Amino acid sequence: MKIAVAGTGYVGLVTGTCLAEAGHTVTCVDKDELKIAMLKKAQSPIYEPGLEEKIVLAQRANRLNFTLDYQKAYAQADVIIVGVATPENEDGSANLQALYTVCKQIADTIETPTLVVVKSTVPVGTNDKIANYFDRLLGNRKNLIEVASNPEFLSQGTALRDTLCAERIVIGTEGGYAEKILKTMYEPFGQPILAMNRRSAEMVKYASNDFLALKISFVNDIANLCEVVGADIEEVTRGMGTDSRIGSQFLSPGIGYGGSCFPKDTKALHWLAEEEGYTLRTIQATIDVNEKQRFKLIQAARKDISSFAGKKIAILGATFKPGTDDLREAPSIPNIRLLLNEGADVHIYDPVGMINLASIFGDAITYGDSVEAVLQDADACFIFTEWKEFKAMDLKSFQQMREARVYDGRNCFPLAAAKEAQILYYSIGRQKIGGHVFA
Ligand code: UDX
């Protein structure tokens, strides 16, 4: 099958590469000249483990091309997958400008029957609106285009596995032709395909992401209560997670969810519901808990440190989760800003996020090249991301600090290890260790 993919972000690039690996001929289109130039040389503009290797193999097999020339790519395609960004507007609604621009380009270009597949996350009803938009643009040629919704569920850092071994593929169609084509396109993947109407497919995406976000905010709420009543959240989630109706995934407490999806998708669904006159109270609570959760470490540190001014603060990890260089909506960012505003001397180390960090903070912070470099003589350490490297570190390293005060937003270490290392250790939803030692 000949497939064009509009947009070479996470969704477009990973989907296009996996479809090429499955045997289709794929052309990925982007308007960003730099990205296309890099991709032509098999260099991925995003950090995603294993992706470059797969791009190389698919290019060698002549099944994966990259181009700025959308006209040629769209004109030759049986299927056009749209994976452009739908960022958040000021009011929390989804910005669909890029999506409509691509649709206009498609309508101006195609001459043969083409299936347009929307993979971008869009508010419920958008696919119907796009179908109407195509009808208006094409007039008596409107039968040339069918529109289908096909949300993605890939996570950054495991995007290839999530695509190649997906638990389900959701397709939302309003006609037999679209369903047939999509089933043929996905046949090589051998994954269960759930067919439904377009609005339901759009809702599956939001409901899935928002449910996971709700699970995280729920566990963070319970973790906060654990701290107050003397329970241990790790033991509590172990007890909860073994109930298969609850499940053990997405029960890790922390300083809140970040990234390009959960913060945006919770707000977008809440906004959509409000527009329809309905208040999604569970999602409102999810968002509220997350906003507050982000500042738990600084709140805890204020009990031990009267002022951050002039203090050397070591930060381990900045990306919104491990396995990615992405800092979008990462809880670390507002925390670093707050520390800088209060006059702290911030030293940071993240295994892959340093380049992106530098583009946000410039020379306002110091970039260390190792855990040791940032810990040396620090007055406090904040952990914002649970990189493997941190979880595996020897806790004695914290003794290089001027004061071994560690505020861990991702519960990287067992409490027993923290006790043995004789550090002050605050983590989320657990007993604080060694709080009495320091002035
Ligand atoms: C998410 C969804 O998982 C994916 O299906 C969807 O397509 C896109 O959004 P992603 O944003 O890549 O993927 O990351 P994910 O692994 O879901 O984590 C999101 C945030 O939640 C991270 O900040 C992570 O640290 C946090 N999180 C996750 C927790 O705080 N606790 C958990 O138990 C799980």
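From the backbone N, Cα and C atoms, a Cβ is placed for every residue, glycine too.
The annotation active site, nucleophile is assigned in TrEMBL to Cys261. Other Cβ atoms within 10 Å of the Cβ of Cys261 (active site, nucleophile), summed over all protein chains shown, number 23.
Within the same chain, residues at least six positions away from Arg328 (NAD(+) binding site) with a Cβ under 8 Å of its Cβ are Gly258, Gly259, Ser260, Phe320. Under the heading NAD(+) binding site, TrEMBL lists Asp30, Lys35, Thr86, Thr121, Lys264, Arg328.
Every protein chain considered, the tally of other Cβ atoms within 10 Å of the Cβ of Gly258 (substrate binding site) stands at 24. For Lys205, Phe250, Leu251, Ser252, Pro253, Gly254, Gly258, Lys321, the entry in TrEMBL reads substrate binding site.
Annotation comment: TrEMBL describes 314-415 as domain 'UDP-glucose/GDP-mannose dehydrogenase C-terminal'. Counting residue by residue with DSSP, the domain 'UDP-glucose/GDP-mannose dehydrogenase C-terminal' (314-415) contains 37 helix, 18 strand, 47 coil.
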Let me know the DSSP-derived helix, strand or coil state of Lys264 (NAD(+) binding site), please. helix
Ligand 1: which of the binding-site residues Asp30, Thr86, Thr121, Lys321, Arg328 have a Cβ closer than 6 angstroms to it? Lys321
Could you give the Cα-Cα distance between Phe250 (substrate binding site) and Thr121 (NAD(+) binding site), in whole Å? 21
Check each residue in the chain of Leu251 (substrate binding site) that is at least six apart in sequence and keep those whose C-beta is under 8 Å from its C-beta; list them in sequence order. Lys215, Val219, Thr237, Met240, Gly241
Rounded inter-Cα distance in Å - Lys321 (substrate binding site), Lys35 (NAD(+) binding site): 24
